[in-house]
Structure formats: structure tokens, C-alpha cells
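Before any comments, here is the structure.
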Amino acid sequence: MKRLYGVIGNPIGHSLSPVMHNDAFEHLKMDAHYHAFLVKEEVLGEAVRGLKALGISGFNVTTPHKVAIMDYLDEIDPLAKQIGAVNTVVHKDGKLIGYNTDGIGFVRALQSISSEPLQEKRILLLGAGGASRAIYFSLADAGVKEIDVANRTVDKAKELIAACTATVHSVALSLEKATKEQGNYDIIIQTTTIGMHPRVEHTPLQISSLKKGTIVSDIIYNPFETKILCEAKEQGAIIQNGIDMFVYQGALAFEMWTGCVPNIERMKQLVIRKLGG
């Protein structure tokens, strides 16, 4: 019997997840289908109960349901609980279990371009929103010991740092101070929407004095190269856009659902083609 997977969100028509997962199913000769479900906020509970009743094997959760979904699940993974958001649900033994693969997916994506263990790196996170929180907690969970957080509102950065129970040395910075101290970091991670299409001329941090070999990663992938990545490349940095995070978090969800590891490079090239790259 064909297994059913999917993604719920609103809007959902733009999602690249169905293309990516269905290609992986076909490539691995698996009898499965991944579908995008438009689910409005006021019917989220009914939709989740309906998916469970239909016997869906697993599904992703995107905007605006990542927090609200937690009220309708049977179990939540400890890391997802700490992050406060779920983006992947596994249906196992009659239970819906929530996970967060965003942060772990990002960590795996970052490791894929780093020649050295991340645990030894000094990291600067730009932003203190939901994406930053997932990445911060996942980096801490992976054993990274130095993670500073820069945000327009410094108090929000302080709140993010205070919420983490892991042993991490962290300082909350203003964006102005982070700009001055950018040369002290091995990795800079841009987690805000600043620089996303159509406001491509904006950047949260003017890149001017990076040290050699710095990695600059931006979770945005439209455009492929944001202003911060362009400036970092001019400084000789190793750059990474958000496609890697999207692919790795999806691949991790696929692995959780099926027990099979998909071809990451195949997934990545498919997404790039679909985005017109």
C-alpha cells in the first residue's frame, strides 16, 4: 500500500518539499507520495486529527503552524520542546511525535562546508527569532561552546541566551557592536529575513573586516546570494546560502520517516533547478 507523507501550511503552493521528497521516493523505488496540504489556522486541530485518522506516515509543518501544532501532538522530542517549535511529525505506533529538523539540518549543512569540527569554532548568530532559536539550541546540542547573538533588540538576544540550559559561553550584542567585532568570529550565521527578495539591497551587518577562512552562512535562498554573502565573498569568506539548510532538514525528516538516507546532492541540484539556478 502506498504510504502518504506531506506538508501543512498556509500559504503552501510555493513549497518545494513535494518535488524534493517525491523525487527521492522515485529514486529509491519507494511506493510513497508526498502532498502539500493547505491548512488554515482555525482548522489546524481538525486537520491534524484527519491526517492521523487517514494513517499518514509523517508530515512537515511550515508557517504559520510550527508552534500551534504542538498542542495537537501525542509526544514532542526534548530538543523541539526546548526550541518551542515543531517542523516534522512522525506517525509511529498510533502516536504523532513532533521533532524540529530545522536546527539540526542547519548544523549538518554547516558541517558539510567546514573543514574542522564546529565545536572548536567561535560563532556569531545574527537575529533572535524562531530560526535563530532553532539554530542556537541545535548548535549548543552539538557541543558548540561559544555562540554570541547579535540582534537589533539586544534584550531579545539576551532572552534567547537565557533560555538555553546547555553549557555555552554567549554574549548578547547590538548589531553595531557585532559589526565592529566581526573579525573575532570563525562563523557568522544570518538568520533574519533582511536581504530577502524583494529588499535585496539590505543587510543586517556590513561585512568589512573578516579574518581569513571565515564561514558566512545565510538561511535565505531568494536571492541565492544576499548582500551579506556578496560582501563576504569579496572578503574571501566561504559562503553558504539557505538551500543547504532546506535540503538537509528535509533529508533528515525523510530519514526519520523511512529509515532510508536520501541522496543529498541530488536533492540539492533539484531544488537549485526549481529555483531557476
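Cβ coordinates come from backbone N, Cα and C, glycine included.
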Among Asp31, Asp74, Asp77, Asp102 - the residue Swiss-Prot places in the same shikimate site as Ser15, Leu16, Ser17, Thr62, Asn87, Tyr221: Asp102
Swiss-Prot NADP(+) site partner of Gly127, Ala128, Gly129, Gly130, Ala131, Asn151, Arg152, Thr153, Val154, Asp155, Lys156, Gly242, selected from Ile97, Ile215, Ile219, Ile272: Ile219
Nearest recorded site to Asp102 (shikimate binding site) by CA-CA distance, among recorded positions Lys66, Gly127, Ala131, Arg152: Ala131
Around the Cβ of Gly127 (NADP(+) binding site), the count of other Cβ atoms that are within 10 Å: 26
Largest tally of Cβ atoms lying within 10 Å of a Cβ, found at which of the binding-site residues Leu16, Gly129, Arg152, Val154: Leu16
Rounded to the nearest Å - Cα separation of Lys66 (active site, proton acceptor) and Asn87 (shikimate binding site): 6
Among Lys66, Lys156, the one of these recorded positions whose Cβ has the fewest neighbouring Cβ atoms within 10 Å: Lys156
